[in-house]
Amino acid sequence: MTEHLTIVEHPLVQHKLSLMREADTSTKSFRQLLREISLLLAYEVTREMPMTTKRIETPLCEMDAPTIEGKKLALVSILRAGNGLLDGILELIPNARVGFIGLYRDPETLQPVQYYFKVPDALHDRLTIVVDPMLATGNSSAAAVDLLKKAGANNIRFLCLLAAPEGVARMKAAHPDVPIVTAALDSHLNDHGYIVPGLGDAGDRMFGTK
Ligand code: URA
């Protein structure tokens, strides 16, 4: 991918996102919409994967049929909200390898601190797609990508549902080599770090917590 930021303006994505933004959308509907939208976003983020051909036999003749080249891709979810995107994408790419990164914000330094890290092997040979619905300050996303690069990943894409300009700028400064795919670029972050207009706390909305 050559663009640093891709906004998926497909009508289905935009319609579903608008439903997700509405404050009175139920947990059940929010989860279902996130699953549906994640399939459409996965379609976009996996564009330009290297292809090869394999010789197959149809009922009529032999042909060189296109197939995806290389090792299975890796999906890495940033806990906990990343899991909402992950579940849908796994329906489309059931062979993907899956990793998880847990980060919390140190109350003193406000910097992300890792509490869980488990990722597939041979990341240097895999397209690695990091998933987190909300790219807000970009601090945890940049930290997650740092950790993945240390673990050997060298072909990383970042997939989110909503991005704030602050988060996009942070990622571009820290990781200009990591393309971002999102359904929308919102206006700004408020004083509490929420994306405006946004959709609230994605984790709370998908899991029904407060
Ligand atoms: N995380 C969320 O869940 N929502 C925001 O608006 C920002 C970060």
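Including glycine, each Cβ sits where the backbone N, Cα and C put it.
Any TrEMBL annotation is an automated prediction that lacks curation.
Residues annotated as domain 'Phosphoribosyltransferase' in TrEMBL: 8-209. Summarising the annotation, TrEMBL assigns 5-phospho-alpha-D-ribose 1-diphosphate binding site to Arg80, Arg105, Asp132, Pro133, Met134, Leu135, Ala136, Thr137, Gly138, Asn139, Ser140, Asp201. Residues annotated as uracil binding site in TrEMBL: Ile195, Gly200, Asp201, Ala202.
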Near ligand 1, which of the binding-site residues Arg80, Met134, Gly138, Ser140 have CB less than 6 Å from any of its atoms? Met134
Can you name every residue in this chain, apart from Ile195, Gly200, Asp201, Ala202, with its Cβ inside 8 Å of the center of the Cβ atoms of the recorded uracil site? Pro133, Met134, Leu162, Tyr194, Gly198, Leu199, Gly203, Asp204, Arg205
Between the Cα atoms of Ala136 (5-phospho-alpha-D-ribose 1-diphosphate binding site) and Asp201 (uracil binding site), find the distance and write it as a whole number of Å. 11
Given the binding-site residues Ile195, Gly200, Asp201, Ala202, state which is nearest to Asp132 (5-phospho-alpha-D-ribose 1-diphosphate binding site) when distance is taken between Cα atoms. Ala202
Restricting to the binding-site residues Met134, Gly138, Ser140, which ones have a CA within 10 Å of the CA of Ala202 (uracil binding site)? Met134
Compared by Cα position, which of the binding-site residues Met134, Gly138, Ser140 is the closest one to Asp201 (uracil binding site)? Met134
